[in-house]
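Over in TrEMBL, the protein carries these features:
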type: BINDING; residues: Glu132, Asp163, Gln189, Glu237; note: divalent metal cation binding site
type: DOMAIN; residues: 379-519; note: domain 'VOC'
type: BINDING; residues: His382, His453, Glu528; note: Mg(2+) binding site
Amino acid sequence: MSIATVCLSGTLDDKLVAVASAGFDGVEIFENDLVASSLSPKRIRERCADLGLTIDLYQPFRDFEAVPPDVLAANLRRAERKFDVMAELGADTVLVCSSVSPDAVDDDDLAAEQLHLLADRAADRGMRVAYEALAWGRFVDTFDHSWRIVRRAAHPALGLCLDSFHVLSRGGDPAAIRVIPADKVFFLQLADAPRLRMDVLQWSRHHRLFPGQGAFDLTGFVGSVLATGYTGPLSLEVFNDVFRQSDPNRTAVDAMRSLLVLKEKLGLVDLPRAPALDGYTGTEIATHDPALRETMTALGFHRTGTGRWRQGGATLTIRTGAATRITAVEVASTDPERSRRRAEALLARPDEHGVPAPDGTTVAFGTLANVAGEGLLTGIDHVSLTAPFDDVDQTALFYRAVLGLTAEPEAEFAAPYGLVRSLSASDGRVRIAHNVAMLRRGDWAPAVTDPQHIAFTTADALEAAKAMRASGARLLDIGDNYYDDLDARLAPPNLDELRANSVLYDRDEHGEYLHFSTDIFGDRVFFEIVQRVGGYLGYGVVNSPVRMAAHRRSRLRNSR
Ligand SMILES: O=C(O)c1ccc(O)c(O)c1
Ligand SMILES: [Mg+2]
């Protein structure tokens with residue numbers, strides 16, 4: 001397991017320390033990191049050895065092949081100087097990117113001949129050359145093209161570097177990799193990415209993600225490479241604007257977690273399997289707002305102990321805290337001990353309360369108490385948390401990996417105070433969502449753009465809304481425009497009742513969703529009551545902007 005220094009922020013030494021402490025075996029040294037370092041190549045070699053890291057690749061060497069004779073001479077001289085550095089580093093493989101130079105010509109024979117020459121020079125020093133097709137290379141921009149050239153060059157010290165980004169961003173078929181002989185695959189670089197329609201160079205340099213955080217099929221890709229018989233490093237190479245300026249220790253842990261999950265999917269590592277989950281045993285809220293406790297009663301909860309509230313299968317702990325937030329999510333695991341061991345294997349650090357997630361919430365594992373209950377609420381449908389926009393991919397990967405949840409389709413919507421990105425993961429029983437503001441600039445928008453919420457399940461949302469309103473629960477009022485639009489779009493048969501009770505509505509190909517919300521407590525947390533009819537899969541995200549505008553109105557009213 002290896003990682004390129006370019007993935008991380010800081011000086012070369014910051015990066016090496018972070019990589020080693022996250023448990024990687026090796027690094028790709030990115031040339032810029034070495035050039036900017038005050039350490040000599042020999043000292044870098046010693047530093048890596050002290051940290052238990054091998055130097056698996058030196059990169060990149062650019063714009064070498066298919067050039068006129070005078071440029072070739074200069075390029076070979078440049079290469080010899082880099083081989084000197086590699087010799088001092090103790091690195092034996094150099095990555096050569098396909099040329100983007102205006103000096104290059106479209107001539108595969110010439111490219112093969114000149115790469116053969118370079119491989120000869122490398123072989124003289126016991127080194128090898130890994131040729132990588134950049135997706136934006138001038139003439140060579142696909143892995144099959146780079147493979148044709150490497151095959152034509154036929155030099156034992158010349159092979160391929162396969163990079164999942166360059167292959168998958170261009171829609172390349174990784175199955176075609178299977179026919180490449182193992183001794184010709186010198187190196188494997190892994191990066192995921194979100195599906196974006198943009199210039200491929202910009203996409204690559206700014207938006208790569210760790211495996212499992214984007215839209216690419218990394219499992220299929222690595223499976224194809226392993227089918228060749230490749231036994232070299234699995235190395236992460238992720239250019240990402242956020243990671244470049246984040247704590248490298250945190251990024252390295254995130255990177256390692258992503259690689260472990262990928263290896264688990266490929267059957268390459270035996271992590272404690274994620275036990276089946278039976279839903280939630282509870283959630284915990286810290287608050288200083290007395291209105292939150294008052295609402296618990298109006299929602300039909302009763303106290304079962306100090307700070308403990310229950311209704312049917314829905315259990316909540318409310319403790320006093322300076323700021324209101326969801327502090328813990330307790331899931332019902334069929335094997336809590338194994339759940340904890342899995343979390344630990346995935347570099348989470350459990351304490352006596354549970355496992356701290358990157359968003360600050362504690363995830364605890366309990367066993368389901370058999371609570372047949374009276375009442376309108378029967379359990380918890382989902383918990384919706386928040387994270388800074390920059391952390392959300394890492395946070396989402398954490399929940400999916402540790403709890404064994406599957407990512408659901410992402411949504412993006414325009415809320416009254418800006419765009420919101422909405423992610424969720426589920427196993428059908430436990431659902432975790434994250435809503436994040438896509439920008440946080442200026443001081444016009446409220447400090448908390450979208451609060452957290454706990455969604456309780458009910459078998460009859462209309463009945464629950466009536467009863468809770470009658471008990472004095474502070475429920476959100478929804479305006480007529482919403483219902484007129486709903487009538488136009490979906491024409492629900494019970495439109496009048498929905499309108500009369502301020503219940504929101506959505507429908508998908510599987511079923512219907514009825515939901516309503518309380519006011520926001522402590523500026524941060526509200527409750528939602530949801531009814532799933534049939535197999536409705538979503539969260540009513542289409543209604544979120546309306547709900548958020550209504551929350552804004554209720555906040556203004558309550559602050560008057
Ligand atoms: O963006 C680049 O230039 C670049 C350099 C080296 C790589 O391995 C790569 O995939 C991209
Ligand atoms: Mg690469």
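Note that Cβ sites are derived from N, Cα and C of the backbone, with glycine treated the same way.
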Report summary line: For Glu237 (divalent metal cation binding site), the nonlocal same-chain Cβ neighbours (under 8 Å, six or more residues apart) come out as Ile3, Ala4, Val6, Cys7, Glu28, Asp163, Phe165, Gln189, Leu190, Ala191, Arg208
Report summary line: Within the same chain, the residues at least 6 apart in sequence whose Cβ is under 8 angstroms from that of Glu132 (divalent metal cation binding site) are Pro60, Leu95, Val96, Cys97, Ser98, Ser146, Leu160, Cys161, Leu162, Asp163, His166, Phe187, Gln189
Requested in this report: For the recorded Mg(2+) site formed by His382, His453, Glu528, name the remaining residues of the chain with Cβ within 8 Å of the site's Cβ center, in chain order.
Outcome: Asp381, Val383, Ser384, Ala433, Ile454, Ala455, Phe456, Ser517, Phe526, Phe527, Val530, Tyr539
Query raised in the report: Can you count helix, strand and coil residues in the domain 'VOC' (379-519) using DSSP?
Result: 41 helix, 50 strand, 50 coil
Query raised in the report: When you measure from each Cβ to the nearest atom of ligand 2, which of the binding-site residues Asp163, Gln189, Glu237, His382, His453, Glu528 fall under 6 angstroms?
Result: Asp163, Gln189, Glu237
Report task. Translate the DSSP assignment of Glu528 (Mg(2+) binding site) into the three-state scheme. Result -> strand
Query raised in the report: Whose Cβ, among the binding-site residues Asp163, His382, Glu528, has more other Cβ atoms within 10 Å than any of the rest?
Result: Asp163
**Report entry** Per-residue pLDDT averaged over the domain 'VOC' (379-519), given as an integer
**Finding:** 93
**Report entry** Neighbours of Glu132, Asp163, Gln189, Glu237 excl. site residues, C-beta within 8 Å of centre, divalent metal cation
**Finding:** Leu95, Cys161, Leu162, Ser164, Phe165, His166, Phe187, Leu188, Leu190, Ala191, Ser235
Query raised in the report: Which binding-site residues among Asp163, His382, His453 have CB under 6 Å of ligand 1?
Result: Asp163
